[in-house]
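Features reported for this protein in Swiss-Prot:
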type: MOD_RES; residues: LYS10; note: N6-acetyllysine
type: MOD_RES; residues: SER67; note: phosphoserine
type: TOPO_DOM; residues: 1-14; note: topological domain 'Mitochondrial matrix'
type: TOPO_DOM; residues: 38-82; note: topological domain 'Mitochondrial intermembrane'
type: TRANSMEM; residues: 15-37; note: transmembrane segment
Amino acid sequence: MLRQILGQAKKHPSLIPLFVFIGAGGTGAALYVMRLALFNPDVSWDRKNNPEPWNKLGPNEQYKFYSVNVDYSKLKKEGPDF
């Protein structure tokens, strides 16, 4: 398959940016899904030892991908412990 892509790129050099952007998009999507699966508190891989991982998050921990206006280090806890 890689040989076929390289052959097409040699015959039609205008396809090279297309291959680069498709490869970068696929790689970015795979990395984002891996980040969600490993670091998101909504995902629990071990239900016996950690059934509710979202309860262990502190109020100053950021688990969003990107936050524009919120400084999580200055947030205070507003609720009971469970």
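If you go along the chain as it appears here, the first residue is 1 and each next one adds 1.
Placement of Cβ uses the backbone N, Cα and C atoms for every residue, glycine included.
Secondary structure of the topological domain 'Mitochondrial matrix' (1-14), assigned with DSSP and counted as helix (H, G, I), strand (E, B) and coil, comes to 12 helix, 0 strand, 2 coil. The two recorded residues, the residue listed as 'N6-acetyllysine' and SER67 (phosphoserine), show a Cα separation of 43 Å.
Summarising the environment of LYS10 (N6-acetyllysine), the number of other Cβ atoms within 10 Å of its Cβ, over all protein chains shown, is 10. Averaged over the topological domain 'Mitochondrial matrix' (1-14), the predicted model has a pLDDT of 88.
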